[in-house]
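Now, the feature entries from Swiss-Prot:
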CARBOHYD  ASN49  N-linked glycosylation site
CARBOHYD  ASN64  N-linked glycosylation site
CARBOHYD  ASN88  N-linked glycosylation site
CARBOHYD  ASN112  N-linked glycosylation site
CARBOHYD  ASN117  N-linked glycosylation site
REPEAT    227-251  repeat 'LRR 6'
REPEAT    302-325  repeat 'LRR 9'
CARBOHYD  ASN346  N-linked glycosylation site
CARBOHYD  ASN364  N-linked glycosylation site
REPEAT    400-419  repeat 'LRR 13'
CARBOHYD  ASN429  N-linked glycosylation site
REPEAT    543-564  repeat 'LRR 19'
CARBOHYD  ASN642  N-linked glycosylation site
CARBOHYD  ASN673  N-linked glycosylation site
CARBOHYD  ASN697  N-linked glycosylation site
REPEAT    716-738  repeat 'LRR 24'
CARBOHYD  ASN765  N-linked glycosylation site
TOPO_DOM  831-860  topological domain 'Cytoplasmic'
Amino acid sequence: MMIPSQSCFCFFFMVSFFLHTLASPTLRHCRHDQRNALLEFKHEFPRVNESNQIPYDVSLSSWNKSIDCCSWEGVTCDAISSEVISLNLSHVPLNNSLKPNSGLFKLQHLHNLTLSNCSLYGDIPSSLGNLFRLTLLDLSYNYLVGQVPPSIGNLSRLTILDLWDNKLVGQLPASIGNLTQLEYLIFSHNKFSGNIPVTFSNLTKLLVVNLYNNSFESMLPLDMSGFQNLDYFNVGENSFSGTLPKSLFTIPSLRWANLEGNMFKGPIEFRNMYSPSTRLQYLFLSQNKFDGPIPDTLSQYLNLIELDLSFNNLTGSFPTFLFTIPTLERVNLEGNHLKGPVEFGNMSSSSSLKFLNFAQNEFNGSIPESVSQYLNLEELHLSFNNFIGTIPRSISKLAKLEYFCLEDNNMVGEVPSWLWRLTMVALSNNSFNSFGESSEGLDETQVQWLDLSSNSFQGPFPHWICKLRSLEILIMSDNRFNGSIPPCLSSFMVSLTDLILRNNSLSGPLPDIFVNATKLLSLDVSRNKLDGVLPKSLIHCKAMQLLNVRSNKIKDKFPSWLGSLPSLHVLILRSNEFYGTLYQPHASIGFQSLRVIDVSHNDLIGTLPSFYFSSWREMSRLTGEDGDFRLSEAPYMGKVLNATAFFVDSMEIVNKGVETEFKRINEENKVINFSGNRFSGNIPESIGLLKELRHLNLSSNAFTGNIPQSLANLMKLEALDLSLNQLSGQIPQGLGSLSFMSTMNFSYNFLEGPVPKSTQFQGQNCSAFMENPKLNGLEEICRETDRVPNPKPQESKDLSEPEEHVINWIAAGIAYGPGVVCGLVIGHIFLSHKHECWFMEKFRRKKPKVVTRIARPSKH
């Protein structure tokens with residue numbers, strides 16, 4: 001007979017064993033109807049890859065009848081009822097749409113449904129509303145289109161609704177107000193539009209609201225005080241308007257508020273708040289239309305870590321009061337109209353400061369010595385202001401400083417050598433004229449980016465720069481350096497990506513130092529006095545995208561060997577002494593990646609075979625075709641460093657003696673300029689293959705024969721100059737259909753027959769057709785008031801006196817926009833804070849002058 005204690009032990013053991021058996025999904029089979037519904041759902045996606053070799057989070061290889069469905073990957077069953085309560089197929093490539101009668105909707109007991117990153121497309125079926133027990137619905141990172149169905153309101157138990165990064169459109173349904181248990185609403189990166197429904201105010205349990213990067217408009221709800229649990233509020237990059245919703249900042253739990261990139265206006269006003277949010281840590285109000293002064297009430301947010309008020313219309317003086325906030329780490333005031341001196345005072349309470357950006361304002365006076373009290377400072381951006389004087393010695397005390405941007409000010413004097421320990425030094429467009437103690441401390445240099453362009457430096461090229469062995473980008477353009485380029489620059493060629501020395505007085509040959517320059521993207525030595533030949537070591541620059549040697553005295557055969565560089569997009573040899581033929585039968589034609597080529601005003605000769613342009617694939621590939629150019633690939637159109645900003649490049653046009661500069665070369669610019677040489681023979685018929693060509697200048701040569709009919713295929717052509725040749729025959733009537741062509745010149749040839757009667761032709765000046773006696777149909781074009789005398793044509797290569805009738809399209813080398821340099825690094829520190837794909841947004845900003853960008857959080 002058992003003693004009582006033994007009986008109790010046996011009883012509890014049996015009960016525990018029974019409960020364990022009941023709860024174990026592996027010991028209890030799932031219901032047949034659940035299994036069949038799952039298999040039906042699986043069979044709706046016949047192209048799903050079930051290979052275990054593919055590193056997806058879940059595969060469907062385990063979904064077969066020989067295995068209990070509660071053990072299938074991604075499936076979770078209730079321990080008692082064996083109903084499927086969770087389905088997580090994240091990253092399984094379903095590659096199909098959700099069908100309205102899908103087996104998925106037979107799983108009536110689902111609580112959690114995660115189909116993120118499954119390559120789903122098509123509409124969200126309204127039958128999704130049948131899964132009324134859902135508490136979590138995640139359809140993020142797919143290609144879903146259409147509107148959110150009103151049946152979403154049936155999911156009244158939802159606490160998490162995530163539709164991030166799809167292609168959904170239209171207004172949100174009013175039924176969304178039925179989701180009264182919702183805590184996480186994530187609709188960012190879609191195309192939603194219209195107003196926020198009034199029923200949105202029912203969602204009082206919300207912790208996170210993320211509507212970032214849509215097209216919502218109108219005003220935000222005036223009263224948001226009902227969202228007492230709200231922690232994260234992100235409506236950035238929409239079209240909301242009106243004034244700042246003050247009630248938002250009375251929510252005591254609010255920690256993160258992002259309203260940037262909208263059309264809010266009026267003053268930034270926090271007054272009359274009974275209970276300011278003491279938890280607020282991140283406030284982003286940039287890229288709106290706020291005006292007036294920065295309110296001193298901001299200083300009441302004593303937990304504030306990051307404040308971004310950039311690119312508004314704020315006025316007033318420097319907001320010294322901000323620097324009383326002890327937790328403040330980042331302040332961005334760039335792109336406003338703030339004036340006066342910068343005065344920090346004795347504000348050591350803000351010792352946490354890591355980032356200060358006051359660029360593009362109207363601050364003046366000296367840079368304050370007191371900035372040195374912020375010992376944790378990593379970035380200091382003061383570009384585009386009116387600062388004067390010299391760089392304060394006290395800044396050298398900032399041991400953690402990495403990025404120092406002072407472009408476009410009125411600074412003078414010497415550049416101190418302690419700057420070389422930083423990562424980035426950008427001092428362009430000032431009046432610096434010397435270097436202090438340049439050789440000291442260079443063995444410990446860390447500088448990777450050095451921009452000394454557009455200052456007053458003169459004399460021989462400084463050899464001490466060769467000791468900056470970590471350099472990646474060196475910009476010394478637009479100064480008065482003379483003498484030769486030192487061969488010792490080879491010391492950092494292994495790391496260099498950009499070497500910009502244009503517009504100085506450098507002489508001698510370009511040194512043969514590029515054997516190890518495998519990372520070099522851009523080389524610009526234009527507008528100097530260089531002579532000799534192009535160094536053959538350039539053939540090792542396999543990454544090179546831009547080569548500009550314009551306006552020198554280089555005397556060499558045309559470098560057809562450059563055609564083997566796989567990434568060469570821009571080649572500018574203009575105004576040198578290159579000679580010989582472009583086409584060399586023994587060499588590969590190459591130049592498959594060229595987008596801009598300018599060999600004008602040289603001494604090139606010979607004929608071009610009819611197939612000459614047939615290998616120029618980049619100019620023949622229509623935008624949007626497979627493998628299309630990405631902005632981030634080309635420094636002349638958008639050079640990226642740390643995915644944070646871009647260079648600005650230019651295109652110049654000499655028209656009737658006036659040189660006009662376009663401030664931006666974008667990915668659509670495709671240019672050929674062969675003018676001012678001695679090419680002869682027919683214009684190659686293969687020119688018609690270059691479907692993307694925008695500007696074609698073959699003027700001032702000796703081309704003969706007819707104008708190729710294939711030119712009519714260049715539907716994107718905007719400018720055509722065939723003047724000063726020996727062309728004969730008729731102007732192809734098909735050219736009249738080129739609707740984008742606004743500028744043309746056929747003068748000084750032997751053309752005959754009728755001029756096309758299209759609007760593009762009839763709108764030209766008479767001078768575009770002069771000295772073609774047999775042309776007819778010019779009555780409307782050459783009215784008496786438009787007639788001009790026919791000057792004797794001159795074929796001089798002197799760029800200072802161009803003929804009035806000649807249009808020379810020039811793709812200039814990298815014309816770095818002032819202050820753009822600083823933008824290249826601002827996101828480097830911020831990437832861990834807001835985690836946005838900064839670069840793609842940068843090139844879609846509503847404000848074209850923006851040069852800085854703060855990164856985004858993990859979800860928008």
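Note that the numbers count up from 1, one per residue, in the order the chain is shown.
Positions of Cβ are set from backbone N, Cα and C atoms, glycine also.
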ASN64 (N-linked glycosylation site) has how many other Cβ neighbours within 10 Å of its own Cβ?
12
Relative to the Cβ position of ASN117 (N-linked glycosylation site), how many further Cβ atoms are located within 10 Å?
20
Could you tally the C-beta atoms, other than its own, that fall within 10 angstroms of the C-beta of ASN673 (N-linked glycosylation site)?
24
Out of ASN64, ASN88, ASN112, point to the one nearest ASN697 (N-linked glycosylation site) in space (Cα versus Cα); all of them are glycosylation sites in the record.
ASN88
Pull the DSSP breakdown for the repeat 'LRR 6' (227-251) and write it out as helix, strand, coil residue counts.
5 helix, 7 strand, 13 coil
Collapsed DSSP category at ASN88 (N-linked glycosylation site)
strand
Smallest Cα-Cα separation from ASN112 (N-linked glycosylation site) among the glycosylation sites ASN64, ASN88, ASN364, ASN429, ASN765 is shown by ASN88
Give the nonlocal contacts of the repeat 'LRR 6' (227-251) in its own chain as ranges (CB under 8 Å, at least six residues past its ends).
183, 188, 203-221, 257-270, 272-277, 280, 284-285, 290, 841, 857, 860
Intrachain residues whose Cβ lies under 8 Å of the repeat 'LRR 9' (302-325), provided they are six or more past its termini:
260, 268, 278-294, 296, 331-345, 347, 349-350, 352-353, 357, 363, 833, 847, 850, 852, 854
Looking at the glycosylation sites ASN364, ASN429, ASN765, which sits with the largest number of other Cβ atoms within 10 Å of its Cβ?
ASN429
ASN88 (N-linked glycosylation site) to ASN429 (N-linked glycosylation site) - Cα separation in whole Å
56
If you count, for each of the glycosylation sites ASN88, ASN112, ASN697, the other Cβ atoms lying within 10 Å of its Cβ, which residue has the minimum?
ASN112
Rounded inter-Cα distance in Å - ASN765 (N-linked glycosylation site), ASN673 (N-linked glycosylation site):
22
Determine, to the nearest whole angstrom, how far the Cα atom of ASN117 (N-linked glycosylation site) is from the Cα atom of ASN64 (N-linked glycosylation site).
23
Its residues classified by DSSP, the repeat 'LRR 13' (400-419) shows 3 helix, 9 strand, 8 coil
Of all the glycosylation sites given, namely ASN64, ASN364, ASN429, which is spatially nearest to ASN673 (N-linked glycosylation site) at the Cα level?
ASN429
Looking only at C-alpha atoms, tell me how far ASN64 (N-linked glycosylation site) is from ASN364 (N-linked glycosylation site), rounded to the nearest Å.
74
Secondary structure split (DSSP) over the repeat 'LRR 24' (716-738) reads 5 helix, 7 strand, 11 coil
